[in-house]
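Note sheet for the following structure.
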């Protein structure tokens, strides 16, 4: 019985410790920067105009983690209604 109680307390301790450890890693990052990549797309306000691909790269680079800027990235800009653009960077390398 005593062994079971010690085992249970140890399991709970390690469970709490590991969840706090993973949360602490996220807190060390700048909250305005994204490590990014789930979809490689993001919606912004604006209009693509003649140079939408460069505009998308500039907008996305401003919100990405700096490690992504070292890779060669090309983006596509698609204009949507209500002054919205969809920026897509399919060849982006995720960390």
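Glycine residues also receive a Cβ, built from the backbone N, Cα and C atoms like all the rest.
Annotated features, as they stand in Swiss-Prot:
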DISULFID  37-94  disulfide bond
DISULFID  48-77  disulfide bond
DISULFID  56-87  disulfide bond
DISULFID  75-89  disulfide bond
SIGNAL    1-24  signal peptide
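Sequence features, as recorded in Swiss-Prot, placed on the structure.
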residue: 48; record: disulfide bond; DSSP (3 states): coil
residue: 56; record: disulfide bond; DSSP (3 states): helix
residue: 75; record: disulfide bond; DSSP (3 states): coil
residue: 87; record: disulfide bond; DSSP (3 states): strand
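Across the structure, residue 77 (disulfide bond) and residue 89 (disulfide bond) place their CA atoms 9 angstrom apart. Figure note: comparing Cβ neighbours within 10 Å for the disulfide-bonded residues 48, 56, 77, 87, 89, the maximum is reached by 56. Between residue 56 (disulfide bond) and residue 75 (disulfide bond), the C-alpha separation comes to 6 Å.
Counting in whole angstrom, residue 89 (disulfide bond) lies 14 from residue 48 (disulfide bond) by their C-alpha atoms. The C-beta environment of residue 75 (disulfide bond), restricted to residues of the same chain at least 6 apart in sequence and closer than 8 Å, consists of 53, 56, 57, 60, 87, 88, 89.
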